[in-house]
Amino acid sequence: MVLLACTLCDVRLKSAESFLQHAASTEHRMSYLQNIYTVNRTHMIANKNDIQISATLNNDCPKYVKEDHGMISMFLKDGTIGKANVYLKNAGNNCVMLHHIVTLYQCKNIKISDKYDATLGSKIIKLNKGAMYAINFETLEGGVGVQELPVVFQFTADDSDKYFYILRILCVQFLDDISAATLPNSVFERPPLVPYMEQPPRPGCYVPGKPLPGHFKNEKSALKLFSHYYPDFLRTLVKIKFNVKRIKDPELIKKNKEILRLMNEGLNPSNYMDWYQTQLWIEEIQCELDLCRYNQINVPLFRSPEDDFGDSTECIAIKVPGMTEKQPQILLGYSVFIRYTGKRAPTFEGIVHKIVEETIYLAFSDEFMNQFECGTAVDIQFWYNRIPYIRCHDALFHNRQLRHILFPSLPRTPCPVPENSLQFYDFRVASNHEQKQAVIAMVHNFSAPAPYILFGPPGTGKTLTIVEAIKQIAKVKSDCHMLVSGPSNSCCDLLTERLLDHISSDKIIRLMAKSRQVRTIPPRVREVTLIEDDEILIPSDDTLATYKIIVTTFCTAAKVLIEPTGGRLVCSFTHVFLDECGHGQEPEALVPLLGLGKSVVLAGDPKQLGPVVHSKFCNSDGRFFKENGLDQSLLERLMNRDEYKPDRLTGIYNTRMVTKLLDNYRSHANILHIPNQLFYNSELRIRGDKRIINSFLHWKELPNKDVPLIFHGVNGKDAREGECPSYFNPQEVSRVVFYVKKLKSDNRVKAADIGIVVPYRAQIYKIRTALRNQFQEWASELRVGSPEEFQGDERRVIIVSTVRASAELLHNDIFLQLGFLRNPKRFNVAVTRAQSLLVVVGCPWLLQRDKSWGDLLAYCRSKNAYVGCNYDALKRDEISNVYEAYEQLHIDLAQGEEEE
């Protein structure tokens with residue numbers, strides 16, 4: 001079927017008739033007007049023909065007026081009014097005529113007027129050389145929020161009949177104490193481009209730094225860090241964004257065509273290694289380029305005070321502006337190379353030993369520390385840890401041995417009949433049909449040799465089911481040797497704690513990287529971790545073979561599976577379990593799969609957040625690795641294969657291959673309604689403890705006492721400051737604090753029961769600061785984090801601050817304005833963390849443009865669960881007013897320019 005696309009509205013339509021209906025719709029007409037406005041906005045805000053527009057206050061305003069990129073903003077305390085003068089000045093030598101002053105739509109809190117009623121279209125104003133004309137900009141009383149009004153001034157020069165236009169957006173921000181304290185501290189400026197630096201030196205060409213405690217670094221291990229290194233031509237292509245017009249070298253053109261040929265083939269068994277190896281290289285190059293933003297030139301170095309490092313290795317501290325944004329993230333063990341400014345040699349390596357906010361502590365060699373003089377100027381170059389990439393490349397090398405897992409087919413043998421009934425450890429699993437069915441399938445290996453998939457939507461007890469299956473296998477199969485793996489330490493720690501409920505500690509070992517700090521390991525997990533003198537140790541192969549169950553992360557699994565020197569496989573298992581498989585890149589998942597288990601289980605939810613990817617070229621929805629980018633996990637790719645799809649007629653999965661858990665034990669029905677509808681075919685059943693999921697019904701702040709949902713519309717304004725690219729929203733910070741204050745005064749929940757989900761790091765910082773100022777120590781128990789940080793977690797109460805906002809209704813760049821919010825998986829994770837109350841704080845005018853957020857907004861309105869700023873669906877008469885304004889200004893809507 002050929003779909004017709006409306007790029008303005010980002011919709012696909014099935015027929016010419018439906019396309020024409022869409023083109024006549026209110027929504028499309030508004031998008032059309034917004035597009036004209038957005039395309040011409042930059043040109044229109046520029047001063048022209050010596051006409052200058054400025055503003056000053058004309059009363060004792062509680063705040064101030066600010067001019068920035070065509071916007072004149074008045075900042076007021078909520079509940080007050082303000083007045084300002086907008087001056088039109090003719091700074092040229094020739095006379096200029098002011099014909100019209102037109103507002104493109106109405107704004108109830110902003111009023112403009114002038115002495116001779118030019119704002120009413122009553123008179124043409126003549127501006128002679130040096131003349132000024134004042135427009136009165138007044139505000140009416142309003143609550144916390146932002147109102148914006150675009151005003152177009154239409155002129156002609158004295159010797160011409162051609163119109164020219166200048167646009168100004170009049171803005172008023174009403175602030176309470178919290179939002180006022182959260183305003184930008186400085187003007188946002190993009191970080192300066194860092195001077196180009198060569199690639200870091202190879203081993204033997206620099207003086208190595210001191211490794212982290214417990215790490216041993218010799219020349220052989222240093223050389224290993226440069227195995228599977230990306231080819232130089234690929235770095236060149238990534239730097240020029242694969243723009244063929246910028247490629248002159250014939251050899252480079254040839255290499256680019258080879259990559260395009262690979263992409264056009266699509267993923268298949270014969271090109272599997274090239275497909276993912278190329279993506280890993282591109283991703284690594286992007287990581288390297290991203291880290292360049294931290295490079296510094298001609299920076300003085302100073303020794304750290306002794307109190308900063310205590311009894312540990314002496315370090316040198318370096319401040320790294322913007323590092324707290326974690327874009328990209330700097331981790332312990334990363335390398336930093338320094339050279340004396342103006343000299344190419346020698347080069348010294350510093351190892352990151354400690355990180356405190358925007359300061360990193362580097363340990364250098366004794367040679368450097370003995371000759372170093374405080375204040376010496378150096379050039380600083382950051383480098384990353386290549387070990388995870390190397391392990392993925394090693395795993396890809398063995399992909400042929402995993403063909404039955406990576407490209408599975410339906411089993412040819414009859415489904416085995418269980419010999420005896422299982423005695424379940426957890427009565428909850430025994431009483432849940434889907435969970436019980438999944439455990440039996442995993443224990444008896446129904447899907448072999450293909451992997452078995454446990455599809456676990458939010459709150460359905462996926463981890464509980466996996467743990468029960470592992471316990472049953474350990475009980476009924478005396479010769480089992482299981483590898484249990486997950487993408488993160490927190491995932492593996494949880495699995496370990498649950499397994500220890502019924503499995504003795506002498507049968508299970510938690511294997512982890514030496515770089516992990518022992519104090520971060522939960523007490524029960526520490527009991528089954530090999531630790532000596534506060535240092536994590538890696539057991540020998542013989543020792544590991546004595547355990548029935550080894551629990552480790554995807555990356556660390558390489559320590560027991562791949563020989564460090566030759567990359568040969570050294571160990572095998574009877575069973576391999578991958579939990580949260582949807583959260584890791586496919587090459588990462590290959591590492592534990594090298595355990596070559598006869599039984600393989602992949603568990604996760606392809607509808608929740610997938611792998612984190614740095615390079616846009618490695619996204620499945622991009623123009624390169626279509627449908628099979630690094631952002632698509634192995635779990636998601638397999639579930640798109642016919643073997644794992646539900647029956648087309650019945651919608652039921654083949655339970656020999658996959659089980660979808662359906663009973664949700666977490667959320668109230670109203671909270672789950674939209675994600676259940678959007679992502680799970682409305683199949684999830686509400687099975688949560690009613691004492692918990694109903695605990696916020698009839699809460700005094702609920703607009704509908706029977707619906708534990710609040711969508712609080714805020715006319716806010718997103719902002720940035722300094723060199724930080726992340727967004728924050730002062731008005732939304734104020735609303736979040738408002739709800740936390742209401743919750744604190746209610747004895748239904750403790751601080752630890754409240755989670756605040758925010759997609760932008762700057763907003764996380766602003767909210768934490770505001771909460772700390774308001775509630776001191778009590779606020780430390782609240783969790784404020786990104787959707788990624790909340791994946792797998794739950795809270796009685798979830799407050800979501802969506803951050804992005806624009807009160808300028810005609811400014812239309814949905815892709816830019818929505819940013820992270822356009823990711824449906826991110827939406828799914830954010831709203832499904834809540835058990836008994838969900839509060840969404842955001843700009844309805846912007847969120848309505850996204851499918852997921854728009855559906856939630858519409859649902860809240862249908863349930864009378866919407867509060868906040870006045871929000872109505874678009875009305876035809878409002879759009880007609882905008883059309884009339886364009887016509888009054890003689891702007892040709894077909895071209896977006898003035899008529900001749």
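Placed from the backbone N, Cα and C atoms, the Cβ positions cover glycine too.
Over in TrEMBL, the protein carries these features:
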DOMAIN    41-172  domain 'Helicase MOV-10 Ig-like'
DOMAIN    313-382  domain 'Helicase MOV-10-like beta-barrel'
DOMAIN    431-530  domain 'DNA2/NAM7 helicase helicase'
DOMAIN    542-616  domain 'DNA2/NAM7 helicase helicase'
DOMAIN    630-843  domain 'DNA2/NAM7 helicase-like C-terminal'
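As a quick check, the domain 'DNA2/NAM7 helicase helicase' (431-530) and the domain 'Helicase MOV-10 Ig-like' (41-172) miss the bar of 3 or more Cβ pairs under 8 A, pairs 6 or more apart, so the two do not touch.
Per DSSP, the secondary structure of the domain 'DNA2/NAM7 helicase helicase' (431-530) breaks down as 47 helix, 12 strand, 41 coil.
Averaged across the domain 'Helicase MOV-10 Ig-like' (41-172), pLDDT in this predicted model comes to 86. Secondary structure of the domain 'Helicase MOV-10-like beta-barrel' (313-382) per DSSP (helix as H, G, I; strand as E, B; remaining residues coil): 9 helix, 31 strand, 30 coil.
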